[in-house]
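The structure appears below as structure tokens.
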């Protein structure tokens, strides 16, 4: 399907209007193919549309390019680098996992990262409005906004738990270092050495474990009595977290840009301090060796590659919309090619360094407890952060409170940095659709909604809800919509068109590597991973006590309903776009809503007019070489 929306190849083609616009058959839109200047004026001149006077002002911009770079670093480097990557790498082959991860980063992560940056900066549109390049696909952006709002609600709750631990770290003695008298079968986390158990003796739990489950989360053994009520301390921490986020975002992108200096740089200072301390602990090198020790047999399993892809998505925060939004606040000629290479490389290095910090600490834990099997020390997800690490810090013989403050302050900053980016994505999606609403009102509304929903996750039964919504509402939705995003950008809009946009915007030619990845390798790989995840689907593990039949069905129905709600945005918005296209026969309507809208291009009217001329010249050069051969069309789509 050749994309010719700026060339009047067909009479309806030049009349592509915004969804909900008037009929596309006004006489003044008809073009003469042999008069390029006249065609461009018809398409681009502000005076040709009655809505031009109502257009919002130009989009606000970052104060400096470095603020954009640091904000992207803060967005991409987050909890996933500290707790998800180390455990995922360990579980899927240790050092061997790094190989598929780097391959996936090279053929999926980096190409998508650069592609989203390009289209966000080129169009100065958010994650929904960017689909003005094919209005029928706008549901992708809406679905991604649903997914990212789901992430926001539970991410902020995890941030609240982090803040709770940060405050507790200032106590004269770490509160999780000693057992509470009411906790049965408990052993102090500050205790050194292993415990000899008899054959019929129950395995005791550490005070750090019980502190997290009983004191912080008040975790319930079952949901027979419902989710329960939120802990008031966590609720206050959740309020404080949202106040920080709203306070940073209330004045727009320039205020968050200024904060990015601190949010992006200071965590690396803390990571450096923790790395030095980790490497000097007894037994640390055993843990780090275990982290990197390759298990080559796992390279042949599909699960390892699936984990590498999902880790890449969440580590770089691609296909969530946040990156498109951040790029949309750039100057039109900003060198995002260099930024994409810097950020993706830095993110990978950060994950590896964080793995060394975490597994150095775990190795020390195994050493002081006499545990020879490090795999029995490692726990996944929040448990790694809120049980294993606090348990180890409690055993430090030198300033445990200081290192606890450092660790949880680093986590808090990483979480804030990521939340700033993803909340900005939701705010921008709403503001792009309703520019008449003051931005500060949207910020406060999103904050209140996020806080209210976030209370669910800090209830005694909230952890299981978090795990379910993370999988169904975030992971599965993101990979599904990523397939359609790549299809839209690479084939409906066209790799050739993207490359011409880059040439117009940056003045550089796009190499063969990017073209092949965008058009073939990346979409096929992501589609394969999606199909494998659906074919090999297994329900999420539900802890014992949550297995009641009615509760089990309710929880998984909730997860699938959220998935369906997000993914079905795509066909619903496609149908809406078609129905809003008046004055055309049915088939022409379908083709029209897969073409860029009349105002697609740079936000500056002068540049958009120049772009119209630039694209038409490109179309005219290739019009004589068009044939009906499928192979030729594919070649033209990718390489022309």
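Start at 1 and count along the chain as shown; that gives each residue its number.
Just so you know, glycine gets a Cβ as well, placed from its N, Cα and C.
The region 'Disordered' annotation in TrEMBL covers 18-57.
Feature annotation from TrEMBL assigns compositional bias 'Basic residues' to 27-38.
Long-range Cβ contacts of the transmembrane segment (65-83) within its own chain (Cβ-Cβ under 8 Å, at least 6 residues beyond either end) map to 155, 158, 256-258, 260-261, 263-265, 267, 311, 314-317, 322-323, 326-327, 329-331, 334-335, 339, 342-343, 346-347, 350-351, 354, 357-358, 381-382, 384-385, 410-411, 414-415, 417-418, 420-422. Summarising the annotation, TrEMBL assigns transmembrane segment to 65-83 (among others).
Under the heading Na(+) binding site, TrEMBL lists 77, 81, 315, 414. Around residue 81 (Na(+) binding site), the C-beta neighbours below 8 angstroms that are at least 6 residues distant in the chain are 315, 347, 350, 351, 354, 414.
Look at TrEMBL and you will find 95-115 (among others) tagged as transmembrane segment. Beyond its flanks by at least six residues, the transmembrane segment (95-115) meets 88-89, 291-296, 298-299, 304-305, 307-309, 311-313, 315-316, 318-319, 323, 336-337, 340-341, 343-344, 348, 352, 482, 486, 489, 498, 514, 517-518, 521-522, 525-526 of its own chain at Cβ-Cβ distances under 8 Å.
Here TrEMBL flags 146-167 (among others) as transmembrane segment.
Sequence annotations record features per position, and here TrEMBL assigns disulfide bond to 179-186. Around residue 179 (disulfide bond), the same-chain residues at least 6 positions away in sequence with a Cβ under 8 Å from its Cβ are 186, 187, 188, 207, 210.
Long-range Cβ contacts of the transmembrane segment (232-250) within its own chain (Cβ-Cβ under 8 Å, at least 6 residues beyond either end) map to 156-157, 159-161, 163-164, 167, 216-217, 256, 259, 415-416, 419-420, 423-424, 427, 440, 443-444, 447, 450-451, 454-455, 458. Under the heading transmembrane segment, TrEMBL lists 232-250 (among others).
Note on the transmembrane segment (262-288): residues 70-71, 73-74, 77, 350, 353-354, 356-357, 359-368, 374, 403, 406-407, 409-410, 413-414, 416-417, 420 of its chain, located 6 or more positions outside it, place their CB under 8 angstroms from a CB of the stretch. Summarising the annotation, TrEMBL assigns transmembrane segment to 262-288 (among others).
Annotated transmembrane segment per TrEMBL: 308-329 (among others), in sequence order. For the transmembrane segment (308-329), the list of distant contacts is 59-62, 68, 71-72, 75-76, 78, 80-81, 84-85, 88, 92, 97, 100-101, 103-105, 108-109, 112-113, 116-121, 123-128, 130, 141, 144-145, 147-148, 151, 253, 336, 343-344, 347-348, 351, 418, 421-422, 424-425, 428-429, 475, 478-479, 481-482, 485, 525-526, 529: same-chain residues at least six beyond its ends, Cβ to Cβ under 8 Å.
Taken from TrEMBL, the feature transmembrane segment covers 341-366 (among others). Same-chain residues lying 6+ beyond the ends of the transmembrane segment (341-366) with a Cβ under 8 Å from its Cβ atoms: 69, 72-73, 76-77, 81-83, 85-86, 89-90, 98, 101-102, 105, 109-110, 113, 268, 271, 274-275, 278-279, 281-288, 290-291, 315-316, 372-374, 377-378, 384, 388-389, 391-393, 395.
Residues or ranges marked as transmembrane segment by TrEMBL: 405-430 (among others).
For 442-465 (among others), the entry in TrEMBL reads transmembrane segment. Within the chain, the transmembrane segment (442-465) has long-range Cβ neighbours (under 8 A, six or more residues past its boundaries) at 149, 152-154, 156-158, 160-161, 217-220, 223, 226-231, 234-235, 238-239, 242, 245-246, 249-250, 382, 423, 426-427, 430-431, 434, 542-543, 546, 555, 558.
Among the features that TrEMBL reports, transmembrane segment is placed at 471-492 (among others). Outside the transmembrane segment (471-492) by six or more residues, the chain places 1, 3, 112, 115, 119, 131, 133-134, 137, 140, 143-144, 146-147, 150-151, 309-310, 313-314, 318-320, 498, 518-519, 522-523, 526-527, 529-530, 533, 540, 559-560, 562-563, 566-567, 570, 594, 637 with a CB less than 8 A from a CB of the stretch.
Summarising the annotation, TrEMBL assigns transmembrane segment to 512-534 (among others). Tertiary neighbourhood of the transmembrane segment (512-534): same-chain residues 104, 107-108, 111-112, 114-115, 302, 305-306, 309-310, 476, 479-480, 482-483, 486-487, 489-491, 495, 498-499, 637-639, selected by CB-CB distance under 8 Å and a gap of 6+ residues from either end.
Sequence annotations record features per position, and here TrEMBL assigns transmembrane segment to 554-579 (among others). Residues 19, 135-140, 142-144, 146-147, 150, 464-465, 468-469, 471-473, 476-477, 480-481, 484, 539-540, 542, 546, 586, 589-590, 593 of the same chain, all 6+ positions outside the transmembrane segment (554-579), place their C-beta atoms under 8 angstroms from a C-beta of that stretch.
For the Na(+) site, the Cβ centre of 77, 81, 315, 414 serves as reference, and the other residues of the chain with Cβ at most 8 Å from it are 76, 78, 79, 80, 82, 85, 347, 350, 351, 354, 418.
The Cβ of residue 77 (Na(+) binding site) lies under 8 Å from the Cβ of 264, 267, 346, 347, 350, 414, 417, 418, each of which sits 6+ residues away along the same chain. The 10 Å shell around the Cβ of residue 186 (disulfide bond) contains 19 further Cβ atoms across the protein chains shown.
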